[in-house]
Amino acid sequence: MAAKEEKSSKRKRSGDSVKEGIISKKPNFVKPPKSTKPSADDDGLKKKTVDRSSKGGKKPQYDNKPLHDEENKEPKTKKEARHQAKELAEARKKKRKRHYTLEQELATLWEKMRKRNISKQDRSALVSQALQKMTGTIPEIAVSHVSSRILQTCVKFCTQAERDAVFVELKPNLLTLACNVYAVHLVKKMLDNASKIQLEGFISSLHGHVASLLKHMVGSVVIEHAFHLANASQKQSLLVELYSTELQLFKDLVSTKEGRLVDIIPKLGLQKASVQRHMASIIQPLLEKGIVDHSIIHSALLEYFSIADKTSAADVIQQLSGPHLVRMIHTRAGSKLGILCVKHGSAKERKKIIKGMKSHVGKIAYDQYGSTVLACILSMVDDTKLINKVISTSGVSFFFCCFRTAYYIMFVSGEAVWFNFPTSLLQIIIAELQTMLKDLALNKSGSRPLLQLLHPNYQRYLGPQNLSSLSLTIPSLSKKEEAAEVTSELESGKGGDNEMDATSVDPDNSKSLQEDEQLVDGGKKDPSVRRKELLVNSGLAEKLIDMCIDSAGELLRSNFGKEVIYEVATGGADQILLPTLSDKLETLHKAIAALAALPNEANHVLINFHSSRTIRKLILDCPSFASIAWKTAFKGKCEMWSQGHSSKVVCAFLESPNPDVQDLAKSQLQPLIDSGSLKMPETKLTEQ
């Protein structure tokens, strides 16, 4: 007890830190005055000196003698404190930034020159003044956030001579600036305004650095911008650097005639395996980093697929399947990559591709090249089973869905009945397309997936380039070529060390070859069955007909909507809509005929350029519509429509290949032809 009292008394005597009965356990250092607080940037204080010779908890010693008494004064008011802090910040910036004063002057000029209500003469004078101040220091200040924007404004509004002077000063440092997060925008602006000679010089300076810049998140943007602005030979010079090290060192080896990699390899005697390894070493880091948005990378991947072996091509398809592919199909080469991935991908990879498109289907459908990928998916993916039926019962019933399976239980009168409703990949696409049918039909690219379902692979709707894209294959994964090679070997008697004959072929192997061949051609399922499931069984056709009935006039007068309403009204190719939706189609025919029966007015459907030709085609190709249109709109009114665009519609009744349609109108149209009021087309007259 005595020892404890002695310790407590020593503790009380040793410090003045006892406050209101609470004993502080922290050492009591004497705080230095505020004016003597050490600072790295304050010249009025000397460095802190600590006595390290003695052990224990001694407080550090400060030399608090100020160099300038005026700087050491404490501010009296808050305003003075703010002013003093601002001065200190300015002093620090001047030490840290070499051209701080120049940047401040340029910022003042920039605020004036970027105003909208300034005259051209005043802006030109300010731009010239700013460029004069920057001369000699442009590469250094181009990496600054504010100064780079000032330079962009000057390049935008300066004269061509001033722009050329800026380009000359920046040219030795363009590759360095291309990797700077701020200067990259200035480099792109300079390329946009560069002359042909300047652009050629910049692309030449990229020689040997294309692969390394593509791996850089910022530098790849400049390569893509230059690739977009380049002509065919310049694009070729940028691409060949990705093929092999020889082509990086010697840029004059390849001529513009040899555009494809498969032509370059035998021409220069390169080893296919070494080229494949070199391209893989460039492509793999790009895929891992997610740098897949640029068209130059898409073109390189297409060339890689042309020489890649089976394993390498399958690995790249696996890496691309998913969100990466959605970011690539906005270019021509990217859409071809998407088609190849859909064609040669496994069921799991196709599922990833379609899931990656979820909530982006509308944007893809409106894209010029992405719509072709959608058309390819609708033509080749076999997973078309949709949930079409809603089961209703008169008694008490409910459904219980397991979380991981697609099994449902319905209890009716105490008995359990199991139903299996398979989910579908294409339900994601069909469901999103159904919400925007009218907008898609009126759009050039958006109508492409709908027309592909209504009339597959029709050149008028897809065009020759898209049709050729849909027929692309990867050589190493195409079983057609492998089967042809095996057949040629069998016929020639070549089969390695031992001769082969037809009896040595594995029947299971040949069966798998045939199945894969069908898959490349468009899936294993019959195209007509797949098309019916997607278009009719899914309910898409019914909603499409309803949309055409509600917006018949707008679609008929549209340059692209007229194709959709024509295909729907005729029942689609092979009359796919007629067996189940004939009543709906008759309603659509009546709606179109009702528009033709309206009084003559400006932009009438029989006078409008697009709608008159569409109605004429319907009369020629659809006898059921022709009879309804004659009874509703033309009977007894042919003389009124015998001039202008409408005369071609009236003459279509006599041009129809169906004799019943001709008999409907012959009695009324022949007198008009004899009197000269109605002129038949020259093609019809020559046939008669």
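Cβ coordinates come from backbone N, Cα and C, glycine included.
Caution: TrEMBL annotation is automatic and unverified by curators.
Per TrEMBL, the feature region 'Disordered' maps to 1-97 (among others).
The annotation compositional bias 'Basic and acidic residues' is assigned in TrEMBL to 1-23 (among others).
Look at TrEMBL and you will find 39-91 (among others) tagged as compositional bias 'Basic and acidic residues'.
As annotated by TrEMBL, domain 'PUM-HD' applies to 105-494.
Same-chain residues lying 6 or more positions outside the repeat 'Pumilio' (169-204) and placing a CB less than 8 Å from one of its CB atoms are 135-136, 138-139, 142-145, 148-149, 151-152, 155-156, 163, 213, 216, 218-219, 221-222, 225-226, 229-230, 234, 237-238. For 169-204 (among others), the entry in TrEMBL reads repeat 'Pumilio'.
Residues or ranges marked as repeat 'Pumilio' in TrEMBL: 205-241 (among others). For the repeat 'Pumilio' (205-241), the DSSP counts in helix, strand and coil order read 26 helix, 0 strand, 11 coil.
Annotation comment: TrEMBL describes 356-392 (among others) as repeat 'Pumilio'.
The feature region 'Disordered' is assigned by TrEMBL to 485-525 (among others).
For the repeat 'Pumilio' (169-204), DSSP puts the residue distribution at 28 helix, 0 strand, 8 coil. If you average pLDDT over the repeat 'Pumilio' (205-241) in this model, you get 92.
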